[in-house]
Every structure is written in C-alpha cells, then in structure tokens.
Amino acid sequence: MPGSPRPALSWVLLLRLLALLRPPGLGEACSCAPAHPQQHICHSALVIRAKISSEKVVPASADPADTEKMLRYEIKQIKMFKGFEKVKDVQYIYTPFDSSLCGVKLEANSQKQYLLTGQVLSDGKVFIHLCNYIEPWEDLSLVQRESLNHHYHLNCACQITTCYTVPCTISAPNECLWTDWLLEQKLYGYQAQHYVCMKHVDGTCSWYRSHLLLRKEFVDIIQP
C-alpha cells in the first residue's frame, strides 16, 4: 500500500535479498525489475541530492566469519527530498562491494552530483544498490527535478505498468502505461523524463507534463 510503513532492514537480510536477484547460472550478474522514476521515488525510504567525497572498503558486519565487504561512500548532502523522518543528514552511504550483488560505482572526489534513492537499515545506515534509481543530477530533466519536490510523492497511489508489446492495456483506473521501452527500446526515454502519472479527483490516473496532456502516441499504443 502506498504510504504504508516499511520495516527496517538489516545488513544480512538485504544482502541475502540481493543474492536472490542473480539470474540462475549467471553468478556475476545483477538483475533488476524495470521501474519508472516515479515508482522509485515512491518506494524508496530516502531520496537525496549529493556529491561523493570519498570511498572506502569496509566489512559488511562485525562478525569475523563474515567475508562480505561493503563500499562506504562519504557524501556531501546537498538536498533531501524524502526521508526526513528517518535521518536528518546523511554522511555515509553503503553499497555491496561485489558487483554481482548490485553494488554501485560512483565517482568520488569530483564535482559530479547525483540523485540517490535508497533504504534506511535498522541501524540507521543508508543502503543503495543498482536496483535503486541513481542518476547524475545533470542528466535529469527539468520535469524530473521539479517532480522530486511534490508531484512524484503526491501521486504514489497511481500504478505504473511497463509495456513491452502491443496491445498493452490498463487493468485498473489508477494505472498509467509506461511505453518508453516499446517506443524507444530504452527504459528512461521521453516519457520517463518528461511525464508524471497523476491522480484525478475521481481516483483515475493519467500522464501529465505540467499542464499538458500525454502525447498522442502514448494513447495509441493501447490499440492492437
């Protein structure tokens, strides 16, 4: 349920969950289900804009028998969009060292800024991985940057479904069809960059770009 509290996760549980993301027979791969930026923001406990100051390899736990390693990034938080009730200021973020566990590689000691989404663990540490929405700030569109403050959060009751083939139809009135993969053969195309799935007073949802209705081809895609 959108807006419902999510239980805090521990290091061990999260690493085990990430291990399950490995496709059978592909031990060195990380596999993530596609998600629209709006879905990422809605499902993340924390959303911030930050620069990466440094990185360090650290143990995943205090257990000497645990051989798992983590990357700890020291960050400079620029702005927090979500997560105020969980943490006030983020100094470090953690990610698996092993790329097969969806570890994230970020540029440290540079001027690059990132949009980071992630989870807050039971011990208060912030955890990120490749299945989160992590993008260089400069790559975000104006609509995406503005939506981080309000539109994404206010429309988490809407459901977004990825379209891979035609026909592609909605199954509920609060659903929007995400067609970037179908039209552009990539996930974060024009629709992800410039549209928000917004809820109406009658409970239905549809794509909006500011005050503009969705482009005609987004409508046509539901036809066989």
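For all residues, glycine too, the Cβ spot is worked out from N, Cα and C.
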Message = Pick from Cys42, Cys102, Cys205: the cysteine that TrEMBL pairs with Cys158 in a disulfide bond.
response = Cys205
Query = Say you check the Cα of Cys42 (disulfide bond) against those of the disulfide-bonded residues Cys30, Cys158, Cys168, Cys176; which is nearest?
reply = Cys158
Note = Judged by other C-beta atoms within 10 Å of its C-beta, the most isolated of the disulfide-bonded residues Cys42, Cys102, Cys131, Cys158 is Cys131
Ask   = Given the disulfide-bonded residues Cys30, Cys197, which one's Cβ is surrounded by the fewest other Cβ atoms within 10 Å?
value = Cys30
Ask   = When the pLDDT values for the domain 'NTR' (30-156) are averaged, what is the result?
value = 93
Note = Spatial hits near Cys205 (disulfide bond) (Cα distance within 10 Å) out of the disulfide-bonded residues Cys30, Cys32, Cys102, Cys131, Cys163 come to none
